[in-house]
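Worksheet for the structure shown next.
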Number of protein chains: 2
Amino acid sequence: MLGIDPGLTRCGIGVVDVASDRSATLVHVGVVRSDPTAAIETRLATIASGIRAVIDAHAPAVVAVERVFAQHNRQTVMGTAQASGIALLVAGERGLPAATHTPTEVKAAITGYGAADKRQVQAMVARILRLDEPPKPADAADALALALCHAWRRGPTVGTAAVATPAQRAWAEAERLARR
Amino acid sequence: MLGIDPGLTRCGIGVVDVASDRSATLVHVGVVRSDPTAAIETRLATIASGIRAVIDAHAPAVVAVERVFAQHNRQTVMGTAQASGIALLVAGERGLPAATHTPTEVKAAITGYGAADKRQVQAMVARILRLDEPPKPADAADALALALCHAWRRGPTVGTAAVATPAQRAWAEAERLARR
């Protein structure tokens with residue numbers, strides 16, 4: 001599962017492997033950066049090529065991209081929307097299905113609380129992936145959260161009884177809370 | 001000069017040949033359509049492939065794309081922003097410089113009036129390109145206007161004395177008005 005937190009200057013990319021029992025493992029986390037002083041067409045090409053490299057290296061089955069809204073800072077949001085378009089295009093051109101999730105959906109899926117702050121999401125991502133500390137760089141944690149959110153929302157339901165590890169318990173608890 | 005009026009359902013594409021004396025000739029006009037019921041990643045791939053086909057067929061030197069703003073209908077504007085990102089990406093990946101212009105800039109460049117309506121722009125595009133009627137499909141006239149606008153803004157200045165054809169006179173007049 002490949003998650004992309006689209007951005008023009010920093011585009012977070014995370015890959016997680018989600019087993020049928022919903023246990024998740026970190027495969028890759030990183031950020032594709034583009035030079036803010038470069039021309040927009042060059043920046044978008046840099047982002048496309050960075051995403052393609054991760055797809056080639058890890059062969060994900062699905063690409064999940066954060067859904068962008070127009071309500072925030074106009075100039076930034078247009079760059080973010082363009083970067084999200086690039087992410088979706090690259091998925092389409094590789095024949096991969098793509099999905100989009102809102103930040104609220106991601107937060108609710110990961111922490112059980114749609115208005116959770118960044119640190120809470122990072123902490124839960126670390127927990128779910130059984131990491132000793134939040135994944136670095138911090139920006140890329142959102143991409144991992146997105147990948148986990150997507151796996152979560154589409155994956156098979158696992159009964160609480162079958163959940164064994166602390167990460168799986170945390171996940172089941174978060175899911176329970178998110179469904180309230 | 002390749003102009004692109006980005007859109008998810010209809011993406012206008014126009015190619016004009018602009019001589020050093022600023023006389024302009026229609027090379028290509030068309031619309032790349034994507035199926036509104038298809039997945040977003042498929043739609044963006046369709047648009048990318050349509051733009052690439054026009055670039056391959058006509059080898060433009062520059063790509064001009066309409067600049068998208070977030071002030072309008074949110075859902076539509078995000079699709080438009082994504083399509084504009086695709087257009088810029090395709091330019092970047094083909095090594096072509098890209099430029100963006102606002103609708104107001106285009107209207108001012110073509111008609112001399114930044115708040116001109118669609119029909120006025122279409123009529124001026126037809127005049128400048130020495131066409132008997134506005135280029136079809138109507139949506140694609142905006143793409144031609146964009147290409148002309150870009151050629152205009154970057155091209156060498158031609159003195160009124162050197163302007164001979166009605167189209168060139170119309171252009172010079174529009175330029176004069178736009179600079180008021």
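Note: Cβ is positioned from N, Cα and C throughout, glycine not excepted.
For B:ASP5 (among others), the entry in TrEMBL reads active site. Following the DSSP three-state reduction, the secondary structure of B:ASP5 (active site) is strand. Less than 8 angstroms from the CB of B:ASP5 (active site) sit B:CYS11, B:GLY12, B:ILE13, B:GLY14, B:GLU66, B:ASP139, B:ALA140, B:ASP142, B:ALA143, B:LEU146, each of them six or more residues away in the same chain.
Cβ-based neighbour count (10 Å, all protein chains) for B:GLU66 (active site) stands at 26. In three-state terms derived from DSSP, B:GLU66 (active site) belongs to an extended strand segment. Among the features that TrEMBL reports, active site is placed at B:GLU66 (among others).
Counting every protein chain shown, 20 other Cβ atoms lie within 10 Å of the Cβ of B:ASP139 (active site). Per TrEMBL, active site is recorded for B:ASP139 (among others).
Look at B:ASP139 (active site): DSSP puts it in a helix. If you look up TrEMBL, you'll see B:ASP5, B:ASP139 marked as Mg(2+) 1 binding site.
The annotation Mg(2+) 2 binding site is assigned in TrEMBL to B:GLU66.
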## Note on the structure
Students should find that the active-site residues B:ASP5, B:GLU66, B:ASP139 with a Cβ under 8 Å from chain A are none
